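Chemist: Dumping the structure here so I can ask a few things about it.
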Amino acid sequence: MGTVSSRRSWWPLPLPLLLLLLLGPAGARAQEDEDGDYEELVLALRSEEDGLADAPEHGATATFHRCAKDPWRLPGTYVVVLKEETHRSQSERTARRLQAQAARRGYLTKILHVFHHLLPGFLVKMSGDLLELALKLPHVDYIEEDSSVFAQSIPWNLERITPARYRADEYQPPKGGSLVEVYLLDTSIQSDHREIEGRVMVTDFESVPEEDGTRFHRQASKCDSHGTHLAGVVSGRDAGVAKGAGLRSLRVLNCQGKGTVSGTLIGLEFIRKSQLVQPVGPLVVLLPLAGGYSRVFNAACQRLARAGVVLVTAAGNFRDDACLYSPASAPEVITVGATNAQDQPVTLGTLGTNFGRCVDLFAPGEDIIGASSDCSTCFVSRSGTSQAAAHVAGIAAMMLSAEPELTLAELRQRLIHFSAKDVINEAWFPEDQRVLTPNLVAALPPSTHRAGWQLFCRTVWSAHSGPTRMATAVARCAQDEELLSCSSFSRSGKRRGERIEAQGGKRVCRAHNAFGGEGVYAIARCCLLPQVNCSVHTAPPAGASMGTRVHCHQQGHVLTGCSSHWEVEDLGTHKPPVLRPRGQPNQCVGHREASIHASCCHAPGLECKVKEHGIPAPQEQVIVACEDGWTLTGCSPLPGTSHVLGAYAVDNTCVVRSRDVSTTGSTSKEAVAAVAICCRSRHLVQASQELQ
């Protein structure tokens, strides 16, 4: 694969002069020296110029996107993404049409790559003056300006060469990831290093930009430190996680650790094409890099994930919200933050690991010993979220080797389930990010453990809604997960509840902001449950003093969660939906002016029960947890006056947060309780016991 050239300036030229430059010997040679072969453009001019002269103009319904971080932008190179239903042949036809219409206006363009296997579209070098024209082309969905991505490692001590300190008998995981292929998109790799010799195949793929301040590319062998180190972390003989995993290297970062979104997209398409041509076992793609938020980068990751590929990425080293970066913000990617030997967030000078709701878990990322490219027996220590992501890629390879049939959703749930819980000091994170950031550090499961019997659930937070009264927030589960309950949270306490609704054939959790509120979060409880069938039963406001009630009336269905929403601004003594331990077991009860929603599910052997923990007066936090063997599916507050900020699940614990009444001037003595719905599958438990 050829190298993607860096950006250059473009000038509009009169059409006769343009043709002279293209067709004249001297002009052709000069242009080829700078920008390559323009034969395709000449053919496009000859074949399409006349036919498109009278083509009708289309209203620009497509959108334009660019990186929010100006220094990372690469104007002059654009990814043109076509609509989902576009036939693959239209990619090349649309590209030729753009070239022909640009030439009519006196502009040079160059098609750098046409995507066929990853997404419909193409990569083009052109003047920004042509964007309006390109956005009006038929089939165009959106256009994104190219931008930079960066390796996410910080050298801890480059001068020190350290021998590996691990003993072989300390780490003998089952199968060692031998059934899994790991693709590493990074710098090149020193494949003859003793840590990885015979385990790595360096492909001929290369798509990197020129280095800053230069007009050339250094040989890959001269700058393979970052990739070599990460390859050793993933599958090194002494210091690797998955010692048996095979690894393939694609070069998308230059010697300065810098690449482009477009170059990485071409690398992902290379992987997809390889997968189609020669299907193999489970694939893990390690993306130890980060750039600004990119719609097209995230879309490409989604495509690859839905094709069965597991993608693991670095959260980023900017001490910032990971949702502002790609591919860390892609929901289908497993995003990894970095911790040190004390399980605390990694600090890198004035920066450090990224955090927030887009991070799935953390992993070791400080002072990590691995292979050094200084010599074939050298080792070096490095730090960063790249190293953390490499650990999780190795763990993923181990799990997939033990259970090759695992889906991405199942793998993610297992990574979360087996992580060390509540070991990170949350005070390191900004206050508004603490509740959103998972307190999880990755760990391998017990070597003899098969978790097929376990009911797995995780908590998914939405983005923060706007502050307007009608603003809403939506939380979604992954493709193979089922939404079992929905809750909401507002730091101001001003919200209008939440509900489960259908959207695009999937259940989603929608939370509603209230007048005077600062915004709200929707919180989905997403679970893996075979053969599950769920529905929502709703009761409108009862208008009676006894409150609104709704229950699961279908035979065999059990209550997995309750939610409510209301239109009035202040319910006063609002009582949100709860499952009470006394009375009807499958019933949600709420305020008479609220609509109450019961999430009712049926699955083989599914059984649920309620746990409630209350305190006699309002406190800032009340919790209740499910016992071992049971999984939290629903979390609600009781009673839920204006002091209650909301409820959410942390691992297997239901947390209800309230405002400190001492700061509000309130004299309320109303009790507050956390109500948890705990479920398990007798069918899965029995299957596990039979295996034992």
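Every residue, even glycine, has its Cβ placed from backbone N, Cα and C.
According to Swiss-Prot, the protein has these features:
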{"type": "SIGNAL", "residues": "1-30", "note": "signal peptide"}
{"type": "MOD_RES", "residues": "Y38", "note": "sulfotyrosine"}
{"type": "MOD_RES", "residues": "S47", "note": "phosphoserine"}
{"type": "DOMAIN", "residues": "155-444", "note": "domain 'Peptidase S8'"}
{"type": "DISULFID", "residues": "C223-C255", "note": "disulfide bond"}
{"type": "DISULFID", "residues": "C323-C358", "note": "disulfide bond"}
{"type": "REGION", "residues": "450-692", "note": "region 'C-terminal domain'"}
{"type": "DISULFID", "residues": "C457-C527", "note": "disulfide bond"}
{"type": "DISULFID", "residues": "C477-C526", "note": "disulfide bond"}
{"type": "DISULFID", "residues": "C486-C509", "note": "disulfide bond"}
{"type": "CARBOHYD", "residues": "N533", "note": "N-linked glycosylation site"}
{"type": "DISULFID", "residues": "C534-C601", "note": "disulfide bond"}
{"type": "DISULFID", "residues": "C552-C600", "note": "disulfide bond"}
{"type": "DISULFID", "residues": "C562-C588", "note": "disulfide bond"}
{"type": "DISULFID", "residues": "C608-C679", "note": "disulfide bond"}
{"type": "DISULFID", "residues": "C626-C678", "note": "disulfide bond"}
{"type": "DISULFID", "residues": "C635-C654", "note": "disulfide bond"}
{"type": "MOD_RES", "residues": "S688", "note": "phosphoserine"}
Chemist: Nearest of the recorded positions to C601 (disulfide bond) by CA-CA distance, picking from C457, C486, N533, C552, C626?
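Modeler: Result for C601 (disulfide bond): the nearest of the recorded positions is N533.
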Chemist: Relative to the Cα of C654 (disulfide bond), which of the recorded positions C358, C509, C527, N533, C562, C679 have a Cα no more than 10 Å away?
Modeler: none
Chemist: Would you report the average pLDDT that the model assigns to the region 'C-terminal domain' (450-692)?
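Modeler: Looking only at the region 'C-terminal domain' (450-692), pLDDT averages out to 83.
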Chemist: Are there any residues at least 6 positions away along the chain from C678 (disulfide bond) with a Cβ closer than 8 Å to its Cβ? List them or say none.
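Modeler: Residues satisfying the criterion: C608, K609, V610, K611, C626, E627, W630, T631, L632, T633.
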Chemist: Taking Cα-Cα distance, which of the disulfide-bonded residues C323, C358, C477, C588 are within 10 Å of C527 (disulfide bond)?
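Modeler: Taking C323, C358, C477, C588 one by one, the ones whose Cα falls within 10 Å of C527 (disulfide bond) are C477.
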Chemist: What does DSSP assign C678 (disulfide bond), in three states?
Modeler: strand
Chemist: State the Cα to Cα distance, in Å, between C255 (disulfide bond) and C323 (disulfide bond), rounded to an integer.
Modeler: 27
Chemist: In sequence order, what residues of the same chain, 6+ apart, have a Cβ less than 8 Å from the Cβ of C552 (disulfide bond)?
Modeler: H537, V558, L559, N586, A598, C600
Chemist: Between C526 (disulfide bond) and N533 (N-linked glycosylation site), how far is it from one CA atom to the other, in Å?
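Modeler: It is 14 Å, counting Cα to Cα.
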Chemist: C486 (disulfide bond) to C679 (disulfide bond): how many Å between their Cα atoms?
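Modeler: Here the two Cα atoms lie 15 Å apart.
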